[in-house]
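Feature annotations, reproduced from Swiss-Prot:
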type	residues	note
BINDING	75, 78	Na(+) binding site
TRANSMEM	1-21	transmembrane segment
TRANSMEM	32-52	transmembrane segment
TRANSMEM	68-88	transmembrane segment
TRANSMEM	101-121	transmembrane segment
């Protein structure tokens, strides 16, 4: 139960921070391009790289700290960071084909799922 609470707590903080970054980007850059989403995804990817190296590899941090910061905080801030870490991990293990398939499938199927979701809801409207 404590693990779920840690994920929820980290996720709440990450989600609120994502909201503020999005609002900041909207005020700074305007709404013609999704600058907020781009910023969160890039920053989240950098931070998950830092966390993965420091927490998981250098300091052998507890499962609870990993759940709080990586699954919770970064999961709430951006799930794109988890996708990116998974892809890089495949390449680092020498599984380039699997990494390429994972990237193509993740992007392609995710875009297709959004299109399908939009189509279903538009058909029901």
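In case you wondered, yes, glycine gets a Cβ from its N, Cα and C as well.
Where the transmembrane segment (68-88) meets the stretches 1-21, 32-52, 101-121, the count of C-beta pairs under 8 angstroms peaks at 1-21. With a threshold of 8 Å between CB atoms, the same-chain residues lying at least 6 positions outside the transmembrane segment (1-21) that come near it are 36, 39-40, 43, 63-64, 67-69, 71-78.
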